[in-house]
Amino acid sequence: MSDEKTQLIEAFYNFDGDYDGFVSVEEFRGIIRDGLPMTEAEITEFFEAADPNNTGFIDYKAFAAMLYSVDES
């Protein structure tokens, strides 16, 4: 497994506080507020883009896709 993939998996599980395989908007918001200078609007925009079905949760695949899309822009 590549170092990049390992880091991405570790990041996902840092967000997934209850280790259920999904990151809720509350888990996401809590971690972001502790570490990154994002506004509430930016947090909402990021999460909505990662959760197009509006379930309130994102899985690892959606999490990775969003991080890669942010990195490429």
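Here the Cβ of each residue, glycine as well, is placed from N, Cα and C on the backbone.
Now, the feature entries from Swiss-Prot:
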{"type": "DOMAIN", "residues": "3-38", "note": "domain 'EF-hand 1'"}
{"type": "BINDING", "residues": "D16, D18, D20, E27", "note": "Ca(2+) binding site"}
{"type": "DOMAIN", "residues": "38-73", "note": "domain 'EF-hand 2'"}
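Structural mapping of features recorded in Swiss-Prot.
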residue: D16; record: Ca(2+) binding site; Cβ within 10 Å: 21
residue: D18; record: Ca(2+) binding site; Cβ within 10 Å: 9
residue: D20; record: Ca(2+) binding site; Cβ within 10 Å: 11
residue: E27; record: Ca(2+) binding site; Cβ within 10 Å: 18
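Within the chain carrying the domain 'EF-hand 1' (3-38), a Cβ under 8 angstroms from the stretch's Cβ atoms is held by residues 46-47, 51, 56-60, 63-64, 67, all 6 or more beyond its ends. DSSP assigns E27 (Ca(2+) binding site) to a helix.
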